[in-house]
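Heads up: the structure comes next, in structure tokens.
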Amino acid sequence: MSNDVLVVHGNTPLRGEIRVRGAKNLVSKAMVAALLGQTPSRLFNVPRIRDVEVVRGLLEVHGVRVSEGAEPGELVFDPTNVEAATADEINVHAGSSRIPILFCGPLLHRLGHAFIPDLGGCHIGDRPIDFHIGALREFGAIVDKQPHGMTLTAPNGLRGTKFELPYPSVGATEQVLLTAVLAEGVTELRNAAVEPEIMDLICVLQKMGAIIKVHTDRVIEIEGVSRLDGYAHRPIPDRIEAASWASAALATGGDVLVRGARQADMMTFLNVFRSVGGKFEVTDPHGPDELGGIRFWHPGEELRATVLETDVHPGFGTDWQQPMVVALTQARGLSIVHETVYERRLGYTKALNQMGATIQVYRECLGGTPCRFGRRNFNHSAVIAGPSKLHATDLVIPDLRAGFSHLIAALAAEGTSHVYGVSLINRGYEDFEAKLAALGAHAERP
Ligand SMILES: CC(=O)N[C@H]1[C@@H](OP(=O)(O)OP(=O)(O)OC[C@H]2O[C@@H](n3ccc(=O)[nH]c3=O)[C@H](O)[C@@H]2O)O[C@H](CO)[C@@H](O)[C@@H]1O
Ligand SMILES: C=C(OP(=O)(O)O)C(=O)O
């Protein structure tokens, strides 16, 4: 870890412009979808982040040829020779991302069996995979848990099914989509997640030849087809990265133009940003080469405290929570944050308190709506009293979004902080060090 450290000199408002690329939470899924096609797929605007490397590696060990396309950020996937991989080849990627679980359906369709390594992803809750396994079994898969990973077979093929999710899980909804598109017959999924990245994955699958109807009230109906082909797709922009830079602008008293950010996917975030006193201006794209974007800035006046609950889309996204909390440490009054998606996503507030913030966490559901974690001993609500003067300290990054928050806090603080474990940030933020430099941050490798 010793060379995985960034020295951050604080008290620097971030000013300037940066660009966001395709969404981490869509790009990796679209890459898995390429396995389902009989012909090559092309994905544009792919960010250079670790999750993309992990999925690329997993595709390659299964015989998919992955190459760079003609334009920067374009990847081409040729699934003509999909083949089984050894457990050793697959296990190289154990513990590195959550995406391997989504290989189940596609590999069962292509090979009749699958081996899925242990999953990674952020440690922000238990993150069980019971909905995934339940759905796969409904399709007819036989799932065997192994000491490390799991194996799946489908001796009688995969058949469409009716399935209701106990909670609108993003990953489990994607699991059902990626399995149902080539399953025999019709699948009806109830209580599905409807995040923008899921809608974009449905666009990818429809381009490939799938028949998917999105009904009201979280019902998705998929009519299985016998063949899918490749796609060419330009993903939705990364709304989580965009919101992270927006919160960074607010927390540091800065002014950041996020090129590529799209208003439609960020409505709930924009409402909160405005209600705490942040300013933003949306520029729509015009002309084929024009990206559009959103400029976010601190108006100079004091920020206002707020009450917010994270929720599934269209609620306030849980991945927006941590960077926004750093901005809330600078708002006057008591803010309340109720985290309802993950049971352990507030641990990072301890480090903010060491820097001078006043954040108290509670087991109770403080937002007004009781959630799954109430009375279960999870500190999942926070009260933030502000504004607080932050001072530098040494920080160890616990997970992706908390890591970005630590960086923002270090930039907003008085003095020089050492932020350890920064490579974790590369899991979701392309070129973040170059972007920080472009925004005038003083941060360097020791
Ligand atoms: C790669 C990716 O796209 N990651 C995103 C995805 O994660 P991911 O798809 O893992 O998140 P889910 O929506 O599945 O998880 C939401 C909640 O459902 C629970 N659950 C989920 C599956 C299951 O089988 N059993 C179960 O209990 C989880 O523990 C969690 O409490 O959506 C999350 C919620 O928007 C985001 O924070 C992540 O950035
Ligand atoms: C929780 C996140 O990602 P993952 O599901 O990949 O861990 C995130 O992007 O904030």
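Every residue, even glycine, has its Cβ placed from backbone N, Cα and C.
Any TrEMBL annotation is an automated prediction that lacks curation.
Going by TrEMBL, these are the annotated features:
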{"type": "ACT_SITE", "residues": "Cys122", "note": "active site, proton donor"}
{"type": "BINDING", "residues": "Lys24, Asn25", "note": "phosphoenolpyruvate binding site"}
{"type": "BINDING", "residues": "Arg98, Asp319, Val341", "note": "UDP-N-acetyl-alpha-D-glucosamine binding site"}
{"type": "DOMAIN", "residues": "9-436", "note": "domain 'Enolpyruvate transferase'"}
{"type": "MOD_RES", "residues": "Cys122", "note": "2-(S-cysteinyl)pyruvic acid O-phosphothioketal"}
Distance from Arg98 (UDP-N-acetyl-alpha-D-glucosamine binding site) back to Cys122 (active site, proton donor), taken between C-alpha atoms, in Å: 9
Neighbourhood of Lys24 (phosphoenolpyruvate binding site), C-beta criterion under 8 angstroms, separation at least six: Pro47, Ile49, Asp51, Val52, Asp238, Ile240, Glu241, Arg427, Gly428
Non-site residues, in chain order, whose CB comes within 8 A of the mean position of the CB atoms of Arg98, Asp319, Val341 at UDP-N-acetyl-alpha-D-glucosamine: Gly121, Cys122, Ile124, Val170, Thr318, Tyr342
Where Asp319 (UDP-N-acetyl-alpha-D-glucosamine binding site) sits in the secondary structure, as DSSP reduces it to three classes: helix
Rounded Cα separation (Å) that holds between Arg98 (UDP-N-acetyl-alpha-D-glucosamine binding site) and Asn25 (phosphoenolpyruvate binding site): 10
Between Asp319 (UDP-N-acetyl-alpha-D-glucosamine binding site) and Asn25 (phosphoenolpyruvate binding site), the C-alpha gap once rounded to whole angstrom: 11
Other CB atoms within 10 A, centred on Val341 (UDP-N-acetyl-alpha-D-glucosamine binding site): 24
Neighbour tally for the residue listed as 'active site, proton donor', based on other Cβ positions within 10 Å of its Cβ: 20
Densest Cβ neighbourhood among Asn25, Arg98 (binding-site residues), 10 Å radius: Asn25
Length of the line joining the Cα atoms of Asn25 (phosphoenolpyruvate binding site) and Val341 (UDP-N-acetyl-alpha-D-glucosamine binding site), in Å: 16
Recorded positions whose CB lies under 6 angstroms from ligand 1, from Lys24, Cys122, Asp319: Asp319
Taken over the domain 'Enolpyruvate transferase' (9-436), the model's mean pLDDT: 96
Cβ neighbours of Asp319 (UDP-N-acetyl-alpha-D-glucosamine binding site) where a neighbour is any other Cβ within 10 Å: 24
